[in-house]
Ligand SMILES: [Zn+2]
């Protein structure tokens, strides 16, 4: 539509003018970077704390006895 708004906040990752499409980032790459940071910061789940109930159900769907022979 129009040229990038000069008043728009710059990309928080690299400081370049943000792209309307990837706001508030300048590109998808920077958006991914931010997402990665967010994940590593918020999603620190200890691998041993996860209940394996769901996992068990999933494994049960696959029949281990279904062997060929
Ligand atoms: Zn950027």
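Each residue's number is its place along the chain shown, starting with 1.
Including glycine, each Cβ sits where the backbone N, Cα and C put it.
Note that TrEMBL annotation is computational and uncurated.
The Zn(2+) binding site feature in TrEMBL is assigned to 11, 14, 26, 30. TrEMBL lists 54-63 with the feature compositional bias 'Basic and acidic residues'. Annotation comment: TrEMBL describes 46-69 as region 'Disordered'.
Locations of recorded TrEMBL features on the structure.
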residue	record	Cβ neighbours (10 Å)
11	Zn(2+) binding site	22
14	Zn(2+) binding site	12
26	Zn(2+) binding site	21
30	Zn(2+) binding site	20
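Classification of residue 30 (Zn(2+) binding site) by DSSP places it within a helix. Same-chain residues that are not part of 11, 14, 26, 30 yet have a Cβ within 8 Å of the Cβ center of the Zn(2+) site turn out to be 10, 12, 13, 15, 16, 18, 22, 25, 27, 29.
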